[in-house]
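Comments concern the structure below.
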Amino acid sequence: MASHIVGYPRMGPKRELKFALESFWDGKTSAEDLQKVAADLRSSIWKQMASVGIKFIPSNTFSYYDHVLDTTAMLGAVPPRYNWTGGEIGFDTYFSMARGNASVPAMEMTKWFDTNYHFIVPELGPDVKFSYASHKAVHEYKEAKALGIDTVPVLVGPVSYLLLSKPAKGVDKSFSLLSLLDKILPIYNEALTELKQAGATWVQLDEPVLVMDLDANALKAFTDAYSKLESTLSGLNVIVETYFADVTPEAFKTLVSLKGVTGFGFDLVRGTKSLDLIKSGFPKGKYLFVGVVDGRNIWANDLAGSLNTLQHLEGVVGKDKLVVSTSCSLLHTAVDLVNETKLDQELKSWFAFAAQKVVEVNALAKALAGQKDEAFFSANAAAQASRKSSPRVTNEAVQKAAAALKGSDHRRATNVSARLDAQQKKLNLPVLPTTTIGSFPQTIELRRVRREYKANKISEDDYVKAIKGEINKVVKLQEELDIDVLVHGEPERNDMVEYFGEQLSGFAFTVNGWVQSYGSRCVKPPIIFGDVSRPKAMTVFWSSMAQSMTSRPMKGMLTGPVTILNWSFVRNDQPRFETCYQIALAIKDEVEDLEKAGINVIQIDEAALREGLPLRKSEQAFYLDWAVHSFRITNVGVKDTTQLMRFHIQIHTHMCYSNFNDIIQSIIDMDADVITIENSRSDEKLLSVFREGVKYGAGIGPGVYDIHSPRIPSTEEIADRINKMLAVLETNILWVNPDCGLKTRKYTEVKPALQNMVAAAKLLRSKLGSA
């Protein structure tokens, strides 16, 4: 019985690639040194999987930024603004597309389906001249082969690539991206032919858009594409992989009928309905890659349950055609549990990171082949039982409080217009008020202070003194820049979700449980293992301290319940909405304590609201109902006269979510006084929602510049962006702010960018005053 891994984490257990990339971008590391770090990391990953016994080991899942950008490079689909003149695409062009440069901005970045991983959105149009411009897939296959390891090269499938793209600037929005299929297939033919010549016998084509609600035209594109690739695929064993949800009956029929394909992969963790389709109509003679080990969470697999599922499927496809697999790439989980020295043994027994999931996959495959490791299965069963019965998981008072929420709507008594009038009288803000989203740069010194405090190397007094000094520096800087509503910069927080999780019950934390978010950006998600409550105030001390340093409004900074949920590894033993309601009650207590402490502006970040939206439309209304309700729970009791409620949300475009009216209505239904929204990388697509007639009466701050890039926008550029907003939004509701927090940037970038932002706001205030 064979075993298969869809993909593997790229950063390594100690984030080797992250630091090599940042050093390279800073000019401290050569391209050769960066490539050596990457090669060493790939080698260790391949050897690890080979040593465990995995048969189908993936290659070309490693990336310097993201795998969709790698596909753009393979196809030579470089936007003209990067002045690429042909040939093999090098680091300069590649990273300019990802991060921008001094002359031009980066390409749009958006979330990979409903994960917290980002990809660079391809910009395509009828005039794009495609060419085979990156041979990365072949190079990595040969690299592994030289180590004696025969891998399965992985490519983003041609139809998914096009449907995840967007029309380039200046191209009509109605342009059919699928019309480019015949132009990109020759490049796929070249890459696949070269892989065959290099000795590859298996390839994997990822077509995750098959789990979306596709129309007949999109499904036909799959049939057409693979028919045209059939002659090239001859001589190769081809896996078409899907993940993140079940496929529709129509998509299943299309998928299993594709020509030239040897096997099909399904996510049976998030796509349980696919199981019925497989049982009733899987084609004879084809391989079934069964994703029973969860690639997106850290819980140990229920080996007995998975084995039972696999044994049932043996009768459908036969032993020789059944392959045990992960549900998706392990990119979305932490790397190795071995690195966690501070988790207690009981908790640790409940978890499995990427390295452990590889072992689980192979253990299941061996059990199916009659070589069951009884000791391994027994230990797993004991851990499953321990988790179900542990008193650490259940808090009866919390469960009762959360259950009681379901009967109430939790809406504020006064409408937003009246609240904004009351708040303006108190805050006395100018037209186009300026603010930032929360965090300021996390310097090396600041990280050192937090690290030493956690390690008990400095006293609490010294820690508070150091953080107070950093807050004072950030406050003074904002006053010098003449920003209207200030933030304290969050120097006490390494990560906004991790910070709150550390102070809530029901959470566990890792030392090295890093997961890639984009490029070199990694996050360390908390683990929600039990019922959630707030033992004590979490931010009141720091917010009050910051407010005492200035006469300007100081925002209290909180992370919202939906974002804490979606950016954590969440318990899988109860519905997600129940956990979210528990978190909402904890945040509600914090909001009320901040108000009592005299904080007049409170920002509740819900950056991940859109991210958690189910991929299938039939499931979205239920999610939005409980997600919006959770947010309203947090602030239902605040006063009209003293509270300006704000939250930050990322709105990302996706090929199947081109109409944002539904999600915008849900955002409005959250009943915040002001919202701030990521906007700059998407060519102001958000504004098109308002052009289409959506009525919005609360304050809004669409981001005026991109903080994910080191590029510093000019005053004129920001003013032009604000003017575009003023064309569709009322002057009295518009705020001016960056796209997101400034944590990942340097002060040498932040200061001039904010200076230009404030100057742009003042310039337009002057023009509006004259008019």
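One is the number of the first residue shown, and numbering goes on along the chain from there.
Cβ atoms here come from the backbone N, Cα and C positions, even for glycine.
Because TrEMBL annotations are produced automatically, they should be read as predictions rather than curated entries.
Record features (TrEMBL):
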DOMAIN    3-316  domain 'Cobalamin-independent methionine synthase MetE N-terminal'
BINDING   Lys18, Asn116, Arg521, Cys522, Trp567  5-methyltetrahydropteroyltri-L-glutamate binding site
DOMAIN    432-762  domain 'Cobalamin-independent methionine synthase MetE C-terminal/archaeal'
BINDING   Ile437, Gly438, Ser439, Glu490, Asp605  L-methionine binding site
BINDING   His654, Cys656, Asp669, Glu678, Cys740  Zn(2+) binding site
ACT_SITE  His708  active site, proton donor
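Every protein chain considered, the tally of other Cβ atoms within 10 Å of the Cβ of Glu490 (L-methionine binding site) stands at 24.
Shown are the binding-site residues Asn116, Asp605; the one with the most C-beta atoms within 10 angstroms of its own C-beta is Asp605. Here the C-alpha separation of Gly438 (L-methionine binding site) and Asn116 (5-methyltetrahydropteroyltri-L-glutamate binding site) works out to 20 Å. Residues Ile437, Gly438, Ser439, Glu490, Asp605 are recorded as binding L-methionine; their most distant pair of Cα atoms lies 13 Å apart.
The binding-site residues examined here are Asp669, Glu678; by Cβ neighbour count within 10 Å, the least packed of them is Asp669.
Remark: Lys18 (5-methyltetrahydropteroyltri-L-glutamate binding site) has Met11, Ser520, Cys522 as non-local neighbours, by Cβ distance under 8 Å and separation of at least 6 in sequence. Ranked by Cα separation from Asp605 (L-methionine binding site), the recorded positions Asn116, Arg521, Trp567, Asp669, His708 are led by Trp567. Comment: 5-methyltetrahydropteroyltri-L-glutamate site residues Lys18, Asn116, Arg521, Cys522, Trp567; largest CA to CA distance 20 Å, whole number.
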